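According to TrEMBL:
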- A:K344, A:403-412, A:436-439, A:E462, A:K495, A:E501: ATP binding site (BINDING)
- A:E407: Mg(2+) binding site (BINDING)
- A:234-340: domain 'Glutathione synthase substrate-binding' (DOMAIN)
2 protein chains.
Amino acid sequence: MAAISEEYPPEFSDERGLALISDIVDWQINHGSLLKRIDTETQFPDDAPQCYPVGVTVFPTLFPREQFDRACGLQIIYNELYCAMAEDEHWIFETIRDMIPIDPLAAALWGIHEEVKKVGYAQKVSVGIFRSDYMLDAPGMEFPLRPGETFDGSLKQVELNTFSCSGATHANKAADMHRYLARTNAYDTGDDRQINISLDTLPRNNNIPSLSACLAAAHDAYGPKKSSVATDTAVLFVVQPNNFNIADERPLEYALWDRDPPVPAYRVDYPNDFLQYTTLTESRELLFHPPWLGSKCVEISVAYMRAGYEVHEYDTTGKEARLRIELSTAIKCPSLLAHICTFKRVQCALTSPGALEHFISPAKAALVRSTFVSMYPLDGSEAGFRARRLATDPELSRDYILKPSLEGGGHNIFGEDIPDFLASVPESKWGAYILMERIRSPSVSNVLLSSAGLDSGGVVSELGVFGTCLWWKGTEGRHCEMLLNSVGGWSFKTKHEDVNEMSVVKGYGCFDTPLLF
Amino acid sequence: MAAISEEYPPEFSDERGLALISDIVDWQINHGSLLKRIDTETQFPDDAPQCYPVGVTVFPTLFPREQFDRACGLQIIYNELYCAMAEDEHWIFETIRDMIPIDPLAAALWGIHEEVKKVGYAQKVSVGIFRSDYMLDAPGMEFPLRPGETFDGSLKQVELNTFSCSGATHANKAADMHRYLARTNAYDTGDDRQINISLDTLPRNNNIPSLSACLAAAHDAYGPKKSSVATDTAVLFVVQPNNFNIADERPLEYALWDRDPPVPAYRVDYPNDFLQYTTLTESRELLFHPPWLGSKCVEISVAYMRAGYEVHEYDTTGKEARLRIELSTAIKCPSLLAHICTFKRVQCALTSPGALEHFISPAKAALVRSTFVSMYPLDGSEAGFRARRLATDPELSRDYILKPSLEGGGHNIFGEDIPDFLASVPESKWGAYILMERIRSPSVSNVLLSSAGLDSGGVVSELGVFGTCLWWKGTEGRHCEMLLNSVGGWSFKTKHEDVNEMSVVKGYGCFDTPLLF
């Protein structure tokens, strides 16, 4: 689509703006596009539990269709790459071995892996719900493009999450909402010179059906129950206690129950309730028998991890809980080694020459590599020394971000703040960070609606593509055998351009839908 | 099903109870089983809008299957009866003429009717979404029944609502929720002596699809747009401003948009925004052109009234708005005369000998009459004098309820409070009340979960059956011709036995599902 107008989003009168916001809030309340206020829930039943709408953009945000399609298309290759990596214990160990002495999470996970290896893993099949996040690198560009101008930036990967990928449900609902608004003429300006927000320009999102289908496929792959004590097999959602983000997790459980035949799905808090309400049989089936199932005892087919990604979750109890999961015959989403592949240090290692070709064909490697930005470990290697020079120079550091080597957003240090920050950290701990080139987003505007109110202005978007896969170790020299490899759907998150962090549920950003052009 | 245990609902441990409540609250948040906090919304965008779960029962409440089926089966006859009444202007006028001088709502509505008659109604077709409410009359009985005991009470009508019937969506969702809980084994006690809560015992509810299908049928019956200015036809939800109950109304709009082809549905606040954003064409098409539709102007096919049932809504502006609706070619849900049929005085008139037979066959009349309790107007008639004697006697009044003659719950006076209340009202105004025999519910227990917290104990339930219909005036001596006549679905509301009022959204009761036995 050619650019038509230089103004986006359209200017609405106050009256029309309020009507649109009322439509949005009502839609969110009716469709569970909400966060739960945990401070009130913990006082229940004295106080009523409350909830409020998750942040969303009022309008969809402009994004080039070609780059959107490209990101979705790449996911099949990324799935294959990460499954292959997850089956290469030796490569993973070489990549993170320096981190183990200085990074307690790496140490905890690798320790559990070694513990399991003593008796051997009891399940060959693994299931993955991955999310690869991208931003557009197009410094100085502005959307909408001027007449005749074409997009000449590129799609760059921010990170790839292999563990506990959140936002799938919220993203699905945000897409449904923007499509609903477009369909009900809420964006219609009646002005041909304005950019048209229509169903053709707003991609569908099918995260909920596709992620639940992936868990169901893993459940089927597990087969019938082996334990005579169990009445049934079931998927277990291993979750954090006092969860305010139940509206992101629960719909996947509901979708499993809604399948025909239903896939039983239960949830348990990690690690205490998990330890209390599960047992391993002698042949290592994982049995789940909480008091709320009455006399029922189910055998867990799939352990879907939505907890266990933060270092504080690996105290003695946390380690024991994760060890029980890993020892069991349950199919893990994801496997422990696939979990470790989510570390920034692993992402960084993939940028080394030849690293990708170790796992995938040169043609696929070239496609993947084109989404990489420069990344350096802050270690004793040659690349590490170059990185230290960049990171400690107030001028050069501007183009970089310093990130902890672990999974999860946040805790990043930006540009000119890096030298001072590093000065405050003992040099022996620098190895726990990686330095990454900053991605320069094009300039684009929108209106954000969150619990902080309305905020108009320049925004930055991040496109995540969900991948779903099922695999086991390959034979005849192949790293892995893909039993299922699909694009799940996508998430699109947008924040004010001056805010660095992109966590919607923490209130820093909004779920959004790309307006493809 | 024979009674198995004398204990219902089952006793759950605290731990299991909390898990069940957490399941319920999460389900409600994810499915829009919520109320919007209007005090916070009006401060928006400074404060985030908030919402909280609507009251629901933790367990479904015992109810005899035969009586449930009977109530559903009667609805087709009730629909026919009320459509016939709505086409008999003479009968309606004779019934309410005494009220016009003393009741401002009756006066306002009849005045608008007379005004429209001067030019004539422009639309022959009317659409009805009715709800007939029942309670079980079974004094001294207790559920669950003892082994060998059978239910020997009866189903009695509380009232029939023809206007702005609420609760359909909440009731639909409560049924879905209790069915979800049953399906996920949340009620499973593993004890064969306990009453089994299974999908077979919990009826499905299809209010949302059936009510929206009825509005869509009316939309189709309207036909293509007549005005050249309009771009399209659409259903208009005429609603009260600052609505906290959007989760009951909005899903009907969404369901209309989700039809294939979509039925456009918009909403407007009554009466101010309605007057500002609509116009009547010379040939009385109702055009809707609010600022939030940009340059679009739609022709209203169906005006679905969710406002205009309270007397304060009929100031000069309110009267003007309702008159515009009634003058228009839009199909009204319901027609003005059908609205008047919701008055208690009309319900009371139907109990007079021969009244039912004026509208329906004797066989049907007998079925309907079997659900009636004694009702008396407090007027100068012979029945009125008998009623005055009952109502002013502290002893005799115990078995009665005094109700305002108008639609809507609330403002009722119970039993021994009646004589004192009447003493405070000038006798000339007594005609605005009717006296109704109290229905004595069987004794049954449940646990209620509302914003007030948890409450266990004896409860009273009210079954509402929704009827959907489309009709016009009959020919050849028939009152009306039914173009569509269906049972819509049902609502089931339960409150603490000591609370007289049954308004869930005001916090006095809970949405529930009958556990059929």
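Including glycine, each Cβ sits where the backbone N, Cα and C put it.
Secondary structure at A:K344 (ATP binding site), taken from DSSP and collapsed to helix, strand or coil, is helix. Note on the binding-site residues A:K344, A:H411: the fewest other CB atoms within 10 A surround the CB of A:H411. Most Cβ neighbours within 10 Å, among the binding-site residues A:E437, A:E462: A:E462 holds that distinction in the structure as shown. Counting Cβ atoms from all protein chains shown, A:S405 (ATP binding site) has 24 others lying within 10 Å of its own Cβ. In three-state terms derived from DSSP, A:E437 (ATP binding site) belongs to an extended strand segment. Under the three-state DSSP scheme, A:S405 (ATP binding site) falls in the coil class.
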